[in-house]
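Peer 1: Sharing the feature lines straight out of TrEMBL:
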- A:12-427: domain 'TRAP C4-dicarboxylate transport system permease DctM subunit' (DOMAIN)
- A:31-48: transmembrane segment (TRANSMEM)
- A:55-74: transmembrane segment (TRANSMEM)
- A:94-120: transmembrane segment (TRANSMEM)
- A:140-163: transmembrane segment (TRANSMEM)
- A:175-196: transmembrane segment (TRANSMEM)
- A:227-246: transmembrane segment (TRANSMEM)
- A:252-269: transmembrane segment (TRANSMEM)
- A:281-303: transmembrane segment (TRANSMEM)
- A:323-353: transmembrane segment (TRANSMEM)
- A:365-391: transmembrane segment (TRANSMEM)
- A:411-432: transmembrane segment (TRANSMEM)
Amino acid sequence: MEIEALTGILLLCILVSFALGAPVGFALGGIAMAVGYASWGDGIFNILPNTFESVLFSFILLSIPLYIYMGQLLTRSGIGDAMFNASQLVIGKLRGSLAISVIGVCSMIGAMVGIIGAGIMTSGSIALKPMLDRGYDKKLALGVIMAGGGLGILIPPSVPMIMFAASTQNSVGKMFVAALFPAVLAIIFLVSYIIISCKLNPERAPLGTGQEATMTPKEKARTLRDGFMSVLLIFAVLGSIISGIATPTESGAIGVVGAVILAFFFKRFRLGMFKMAGMETAMLVSVAMWIILGATLFSNFHLLMGVQDMIASFTEDLGLPPLGVIILMQLVMLGLGFIIDEFIIVLMCAPLFTPIVVDLGFDPIWFGILMILNIEIAVQTPPYGFALFYLKGIAPPGVTMLDIYKSVTPFILLKLMVLIICMLFPDLVMWLPNKVMGP
Amino acid sequence: AEHNWRFANLYTRGTAFGDVYGSMAENIEKMSGGRIKVKMMYAGEGVSTTGILGAVKSGLITMGAHFQPMNAGELPAGIVEVGLPGGTADVGELSVLFHEKGFNDVLSRAYGEQGLVYLNPYIQPPVYLLTKKPINSVEDFKGLKLRAPGAYGKFVRNLGASPVSMTWSEIYTGLATGVIDGSIGSNLIDHRDGNHVEVAKYMYRLPLAGAQVLPVIVNQKAWNKLPDDLKEIVKAATAVHARDQMTKSRLWESQAVADMQAKGMEWSPEPSKSDKEAWAKAGETLWDEYSKTDKFSAELVEILKKQ
Amino acid sequence: MVKKIFVFYCSGIDRLVSFIGKSISILMPCLALVIAYEVCSRYVFNQPTIWAYDTSLFFSSYLAALGGAYAYQKNAHINVDILYLAVSSKTKRVFNILTGILAAFFMFILIIVAYEKFGEAVKFDYRKMSNWAPPTHHFWMMLIVSGALIMLQISCNMIKDIYYLFTAQDLIPEPEIDADQEEA
Ligand code: NA
Ligand code: NA
């Protein structure tokens, strides 16, 4: 069968099974096996062992369980809330301030994790409940988590950036530095959006409830101390990465141990709480991993059938002006985000596109940054996006996929603005890395 | 085409090594007059690099170029095949070892047992060690934390260093922050591609093993379906490929070194005679250890010792 | 009588899956501990272990795969519920059955392939590539069990759905909230 026809059939199967409300991971795996059997025969089943081994034995994916666990322990022991209580005590009078503190926390989480799943699920574990508890608009809260969690691959360390640099032989360090401008720009846009949107719709972000107002000075001091300690834990985890004690993945375990110690320290450790945090994490991890398993099986099948050749031949004879080529490539990557995950997009597109881009006279690092921004948007764009699924996993019951689709729209537009600015003004992206590390 | 094959290799699209495998695939098509069509699968395209061996075994992939240390647990003899620490760098010697002294025969049986046809081996440049601090004498290895998988882990432990297990995508940050003090790359070109010189600039002069010998393997069932003339054509194409690998990888290795030197790479000082002895000694004990892993490894080490 | 058999079968499977799902979560603290131990042993004692890397991967893979059935029981797996939430409860059951067949097919293939791989792993004594080189056969056995548990859970959900389609009644009334879920 022609790869174009096969791709069409696969997409149709996805749409039908999603419409029927099938569990995403099982549907993707089932479709790959069924369509594979019809088009290839039973030999295709041999794709399973390697896929399961490579996903389940992937060490970088361990940051997902470890960081979610840290987040769950912090939240269930009340230490995570302490962080936001304290921030409300200080800046609670500003409308939307809680969402702004969440962006702050997400940025710090982004500096700890290097993959998108860990970014979103950790941010969601720690920061979603405090916003919903205080009566924040559900859509605003979900969107903030999605946008903030996505910073995980934009703020260094970032696994997709390391993969891009390796497959195109560019400097990882330079790429990390180049990502700082879009990261800061994204954070500024997010914070501005929160402030403006809350000004226009005050009901989206209620001001600090009576809780802070009625506190005795002693309670206030305690809240501030608790908040300070929990922020300190985040800095300790960051510090363990920067000082070379642990890798970004391992540092999640340091965070877990730190959270348990803090819980004891604050006399908030309960065996039941500990057990529930473990059970909740196990459930979330299982849900996330079965999605990854099914999706990887699906994309491996699609790759074996030659989807990469389709992309390659597509870029061969373009006959477009340089910027047109760049835009078209980005549309392709956004489209690919419909069916495959962040790592495969880099593995497939970086070596295919970068040489063309360099031939056209563009800087490969700049193009790599555009690629990362694209991936970040692609995984958040409905109907199919890993980030959307992760967010639904972490959201409280009652949040529907439609809520999530609606909630991400304004934030995707913000990220699109960041992308367009970076695309139109390469100098803004490349100024700092060229300054620091030479052109 | 009469035969539709898939050929998986370890390298990503657009890399120099990737292109060599790509031209081997094209050669098979051309030499067979289009009777065998070979679809090239680059790294991460459908099978992970660690899974190439298994995928060829099961027939999912017809032909594969895997890296034996990644599959040490499935086919231990591959570790002896690729080259134990302390092995020779001499191309002529290696050629005799494989073609005349019986390595090919033992390995054909070892791969054959698992449903694989062992084709012509080819030679790639050796494994080197990159460190954050210069190594002035082998004493300096004591206490270093080095990312060194499998057989190389045992080797660096013999030198007094501690082998660390680390996934490839964390090596860069690991070196940058100092989680590890150094890392092994599968060759000098790999070191360049991983950008590791940005964060650790001293390359040790002695390679861990002389040269690396890698095979091309084919699924037995797919092979049996070929008529004899096509079998000969595939074999001829692998011979051309082996020559390509030899000439081109030398060139690329020197280019990679030049690239890295431009980025600040330096060689650690020339090791002394006693350093070289200590280095060789660290490799020696491993031969016996690896000969114990399975019957084929034992046969191979036996042949090595007779040399 | 038939109903009794169904109830017995379904509640039995529910309990088995829930028991395994909950017990397996003990691996979560173990996983964190193993990695924290490795970091400590490497950084403080300058002696990295040879076993922590593989052990942590085994723990996390068991945690992820074996938990799949319990997540299925709890309807925790992510779905795109836009149309699903808009249809009648009978149509929902039909959807469940259709998507259950697809998932069960996937699990069936998983079981068969993992079984073959298990045999191969035992025959050739497959190990991980690391220095420590632990055997991997148990990983394939674990996948067989994971796939089987998910299939059992799907079969039990299907019986409930079919029963509902015929009788418009739940086979087993909505269960009380678990005691240990309450205490959180
Ligand atoms: Na990051
Ligand atoms: Na998408």
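From the backbone N, Cα and C atoms, a Cβ is placed for every residue, glycine too.
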Peer 1: Counting only residues 6 or more past its boundaries, what in the same chain has a CB within less than 8 Å of a CB in the transmembrane segment (A:281-303)?
Peer 2: 6-7, 10, 23-33, 35-36, 44, 47-48, 50-52, 54-56, 61, 64-65, 68-69, 72, 117, 121, 125, 339-341, 344, 348, 386, 389-390, 393-394
Peer 1: Taking contact to mean 3 or more CB pairs closer than 8 A (sequence separation of 6 or more), are the transmembrane segment (A:323-353) and the transmembrane segment (A:365-391) in contact?
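Peer 2: Result for the transmembrane segment (A:323-353) with the transmembrane segment (A:365-391) is yes.
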Peer 1: Quick check: do the transmembrane segment (A:252-269) and the transmembrane segment (A:411-432) share at least 3 Cβ pairs under 8 Å, counting only pairs 6+ apart in sequence?
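Peer 2: No, the transmembrane segment (A:252-269) does not contact the transmembrane segment (A:411-432).
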Peer 1: Should the transmembrane segment (A:411-432) and the transmembrane segment (A:227-246) be scored as in contact, given a threshold of at least 3 Cβ pairs under 8 Å and pairs 6 or more apart?
Peer 2: no
Peer 1: Pairs of Cβ atoms less than 8 Å apart decide it: which stretch in A:31-48, A:94-120, A:365-391 has the most with the transmembrane segment (A:227-246)?
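Peer 2: The listed stretch sharing the most Cβ pairs with the transmembrane segment (A:227-246) is A:94-120.
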Peer 1: Using Cβ atoms and a strict cutoff of less than 8 Å, what residues sit near the transmembrane segment (A:140-163) while being 6 or more residues removed from its termini?
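Peer 2: Distant Cβ neighbours of the transmembrane segment (A:140-163) are 60, 99, 102-103, 105-107, 109-111, 113-116, 118-124, 127-128, 131-132, 172, 175-176, 179, 182-183, 186-187, 190, 194, 197-198, 204-205, 241, 248, 342-343, 346-347, 350, 368, 371-373, 375-376, 379-380, 387-388, 390-391, 394-395, 399, 403-404, 407-411, 414-415.
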Peer 1: Other than its close neighbours in sequence, what residues sit by the transmembrane segment (A:31-48), given a CB gap under 8 Å and a spacing of at least six beyond its ends?
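Peer 2: Residues 1, 6, 9-10, 13-14, 17, 294, 297-298, 300-302, 304-305 contact the transmembrane segment (A:31-48) from elsewhere in the chain.
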